[in-house]
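Here is what TrEMBL says about this protein:
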- 12-93: domain 'Shikimate dehydrogenase substrate binding N-terminal' (DOMAIN)
- Ser20, Leu21, Ser22, Thr67, Asn92, Asp107, Tyr226, Gln254: shikimate binding site (BINDING)
- Lys71: active site, proton acceptor (ACT_SITE)
- 122-175: domain 'Quinate/shikimate 5-dehydrogenase/glutamyl-tRNA reductase' (DOMAIN)
- Asn157, Arg158, Thr159, Pro160, Ala161, Lys162, Ala224, Gly247: NADP(+) binding site (BINDING)
- 247-274: domain 'SDH C-terminal' (DOMAIN)
Amino acid sequence: MSLTGSALLAGVIGWPVGQSLSPALHGHWLRQYGIDGAYVPLAIAPADFSRSIDGLVRAGFKGFNVTVPHKESAFALAVRHDAAATAIGAVNLLVTTADGLEGRNTDAYGLAATLTQHLGAEALRGKTAAIWGAGGTTRAAIHALDGLGVAEIRLFNRTPAKAVALASSFAGKTAAKLSGAGYDAWSGRDVALIVHTTSAGMKQTPSLDLGLDDLPAGAAVFDAVYNPLETGLLAKARTRGLKTVDGLWMLLHQAVPSFEAFFGVRPEVTAALRAELVKALQGG
Ligand code: ATR
């Protein structure tokens, strides 16, 4: 539908932003729900971040999704943070409020909703999960898994010290027991779920080559990478008979709270939405 003068406005801020799938995603929901609103890509250089946001808020924008390299500036700009943004230490959603921008993080929600959809809400309660990686996405994954009642989270990373430091930075903040180690300590025994959070496997790069043979039969593997949809890791897990979940699901689910904050409707993750995004990913 065409926009009126009172259309609701939102967008995604990045530098660059051309690769973002968020306009396609939110555009699908705007059409589905017949909302008088627009969601636009906003290419904003780091030096222009705060004054651009100031101008856009003055122009009536309801909020923004924030991606690389602005996540830290967004955290600093927010007058308040929700519990997830505070726990994760990063903001991917800025919502305009009466007294300034509220910083939120929807990545942990996106992963929790994905795992709930594919494995069931109680499937991980009391279980042990492994996370491969120790970066920004890992922080969101720890928060999500802790929220799902996982009893123990083991971090494995190429640089072991980063995994150890990340685990200790959450000390006292999670109900789950946390530990960090290098890949040489990797073992799949007792692991109900692997969450892969590094960039290995993206585009044409090889996936991490860690063994999956000692995982229990009912275990699952989630890969945060969504391009390609089936990474080397997921292909190997599928061959091994394990349950696999790709990163596109997390991308779809993490957008739900953002859309609701901007446009006032809680949207659904549907097969039609996923099909449209798969097409966009494949360049069509
Ligand atoms: P993000 O915010 O996307 O999580 P990040 O904070 O830069 O990104 O973290 C990148 C993660 O991917 C790190 O765990 C990094 O491992 P190191 O800590 O050892 O650098 C990991 N990583 C990136 N490329 C990798 C590769 N080719 N093999 C193994 N790990 C890789």
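Using N, Cα and C of the backbone, Cβ positions are placed for all residues, glycine too.
Unlike curated entries, TrEMBL annotations are predicted automatically.
Positions of the features from TrEMBL, shown on the structure.
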residue : record                 : DSSP (3 states)
Ser20   : shikimate binding site : coil
Asn92   : shikimate binding site : coil
Asp107  : shikimate binding site : helix
Asn157  : NADP(+) binding site   : strand
Lys162  : NADP(+) binding site   : helix
Ala224  : NADP(+) binding site   : coil
* Could you state the whole-number distance in Å separating the C-alpha atoms of Gly247 (NADP(+) binding site) and Tyr226 (shikimate binding site)? => 5
* Who are the chain neighbours of the domain 'SDH C-terminal' (247-274) in space, where the CB to CB distance is under 8 Å and they lie at least 6 residues beyond its ends? -> 8, 10, 21-22, 25-26, 28-30, 32-33, 35, 37, 39, 62-63, 65, 92-93, 95, 104, 106-107, 109-111, 113-114, 117-118, 222-226, 229, 281
* Structure fact -> argmin Cα dist to Asn157 (NADP(+) binding site) over the binding-site residues Ser20, Ser22, Gln254 returns Gln254
* Structure fact -> Tyr226 (shikimate binding site) and Lys162 (NADP(+) binding site), compared by Cα position, are separated in whole Å by 24
* Structure fact -> Cβ neighbour count (10 Å, all chains) around Gly247 (NADP(+) binding site) is 24
* For ligand 1, pick out the recorded positions Ser20, Lys71, Gly247 that have a CB under 6 angstroms away from one of its atoms. => none
* Structure fact -> Looking only at the binding-site residues Thr159, Pro160, Lys162, Asp107 (shikimate binding site) has its closest CA neighbour at Lys162
* To do: Work through the binding-site residues one by one (Ser22, Thr67, Gln254) and name whichever has its CA nearest to the CA of Ala224 (NADP(+) binding site).
  => Gln254
* Asked: Which one, from the binding-site residues Ser20, Ser22, has the smallest tally of other C-beta atoms lying within 10 Å of its C-beta?
  -> Ser20
